[in-house]
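Trainee: According to Swiss-Prot, the protein carries these features:
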ACT_SITE  ASP34  active site, nucleophile
ACT_SITE  ASP152  active site, proton donor
COMPBIAS  319-329  compositional bias 'Low complexity'
COMPBIAS  337-370  compositional bias 'Low complexity'
COMPBIAS  371-384  compositional bias 'Gly residues'
CARBOHYD  ASN343  N-linked glycosylation site
REGION    233-393  region 'Disordered'
SIGNAL    1-26  signal peptide
Amino acid sequence: MAFKLNIGLLALSLSLSLVHLDGVRAGMATRYWDCCLASASWEGKAPVYAPVDACKADGVTLIDSKKDPSGQSGCNGGNKFMCSCMQPFDDETDPTLAFGFGAFTTGQESDTDCACFYAEFEHDAQGKAMKRNKLIFQVTNVGGDVQSQNFDFQIPGGGLGAFPKGCPAQWGVEASLWGDQYGGVKSATECSKLPKPLQEGCKWRFSEWGDNPVLKGSPKRVKCPKSLIDRSGCQRKDDNTISPYSGKVDSANTAAPAQYKRDRSVCLAGGKKGKSAAGGVDGSGDASGGADASGAGGAAEGSQGQPEGYGQPSGGNDQGSSNGDATTGAGSGSGSDSGSTANGSGSGAPTSGSDGSAVAPPSGGSNPGAAQGGQGGAQPGPSGGHKKCHKKH
């Protein structure tokens with residue numbers, strides 16, 4: 001009897017494991033917004049014409065990475081942050097299509113940084129239909145603790161995740177006002193507590209998107225549209241070999257030619273020309289916090305456990321003074337400090353890509369001395385996680 005029982009339990013266990021694996025293959029889109037410098041913002045990570053933009057604490061003013069190569073992510077106590085312009089936005093021709101940025105865990109970072117992918121979604125995690133169930137996104141971060149084939153979407157108010165000190169440092173808005181560490185705010189009304197430039201993008205989730213939507217198959221790489229490059233400033237050198245998205249889109253969202261000259265006025269106009277909207281210079285008003293980098297309100301560090309949709313973190317151990325205790329609930333997740341820094345253990349010098357441009361150094365190693373920014377919070381080096389974000393709610 002005991003033998004039969006053990007066999008039965010083994011069969012049940014294997015069955016549940018297969019269900020889990022099927023779920024991973026299907027994938028989901030988790031979400032986050034931690035204000036950290038993107039992993040793809042570092043020089044030498046991938047064969048690109050220019051890395052992803054880095055901004056000052058106002059979320060608008062650009063920092064030239066070549067003139068300030070040693071500057072650190074705001075999540076590590078530095079002066080470089082995510083630019084507010086890099087929020088989700090809609091296509092005006094196709095009412096079911098949206099655009100945005102995030103972390104994707106497939107392949108090597110040198111192959112995915114600044115690449116664009118097209119994804120479709122079945123429904124959200126609650127089984128609800130989504131208004132925008134198609135997405136073209138640009139990869140700006142790695143996701144070391146995001147399960148394979150999952151996508152971590154940048155949405156303001158989507159959860160500070162493993163690096164909860166970045167947004168309070170950038171905006172002076174305490175961590176508790178950003179919602180749950182994993183999952184973020186729970187209603188569009190709570191978005192009004194966020195900095196003014198981020199409120200529209202926060203509300204977008206509730207009107208257009210959903211909660212951890214389930215992927216319909218695997219995302220497929222497409223040639224990046226002009227609108228994403230306009231906002232990120234990054235275009236891959238191999239992008240001209242990729243086919244564009246075949247659906248109908250408005251003119252601003254058509255595929256970019258090689259060596260596309262970005263139009264940053266989109267960001268300066270708030271993400272939409274002629275309109276004061278998400279991510280622009282219209283940062284006045286309640287809760288915007290200005291450029292206060294005081295790091296107020298570092299609460300909730302490690303207060304929540306690992307959410308659904310994330311695996312074991314890879315890359316560096318986030319044990320530095322800036323974020324050391326902030327990741328106990330989420331695991332570490334970046335491995336982004338260069339081997340050339342005092343504590344890095346990876347190779348500091350980028351290797352050469354097939355076209356002669358620099359790509360990321362080999363992965364591996366950790367930096368227990370300096371905090372490693374979630375979204376690529378420190379310099380190129382051991383590739384690993386970025387930060388992750390949110391659970392179902």
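Every residue, even glycine, has its Cβ placed from backbone N, Cα and C.
Could you place these features in context, so I can see how deep they sit and what lies close by?
Mentor: Cβ neighbour count for ASP34 (active site, nucleophile): 33 (other Cβ atoms within 10 Å of its Cβ, all protein chains included).
All protein chains shown were included, and the count of other CB atoms within 10 Å of the CB of ASP152 (active site, proton donor) stands at 32.
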Trainee: How many Å lie between the Cα of ASP152 (active site, proton donor) and the Cα of ASP34 (active site, nucleophile)?
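Mentor: One finds 12 Å between the Cα atoms of these residues.
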